[in-house]
Amino acid sequence: MQITSLLVLFVGVVVLVTPSFADGDKPPEYEPAPPYFKPPKVEKPFPEHKPPVYKPPKIEKPPVYKPPKIEKPPVYKPPKIEKPPVYKPPKIEKPPVYKPPKIEKPPVYKPPVIVKPPPFHKPLPPYGHYPGHPPVENAEYIKPKN
């Protein structure tokens, strides 16, 4: 803010806070003084003043001294000392005996069962027999039946 605006603001605050100069010219309101020469009019006369009666304070007897009760101190009991635990060496577990892993045997190879065809007889040569062999009489049983 500029200096002039600050000054205007300050002057406005001072004017609002201070009492008005017009109020200083008014005289205080008049209050008539009470009449000192006339006694007040009272219907009842004032009571006569009586001085207070002095009463000596009561003196109480001081309390009789009673010594405090002293309780017997507790008898000292030494704490129970437990025997320290006997040292027990840790149990050493034997390592397990090595057992080789079980190896499953592979199945035994069984060759496939080949069904043999029935024996095939060679066809007989022409003329029913081989050369140099005698002719077969029962050639029907040897020939394959197709």
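Yeah, the Cβs are placed from backbone N, Cα and C, and that goes for glycine too.
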Quick check on the annotations: TrEMBL lists region 'Disordered' for one of 84-104, 126-146. Which range is it?
126-146
Using DSSP, tally how many residues of the compositional bias 'Basic and acidic residues' (40-83) sit in helix, strand and coil.
0 helix, 0 strand, 44 coil
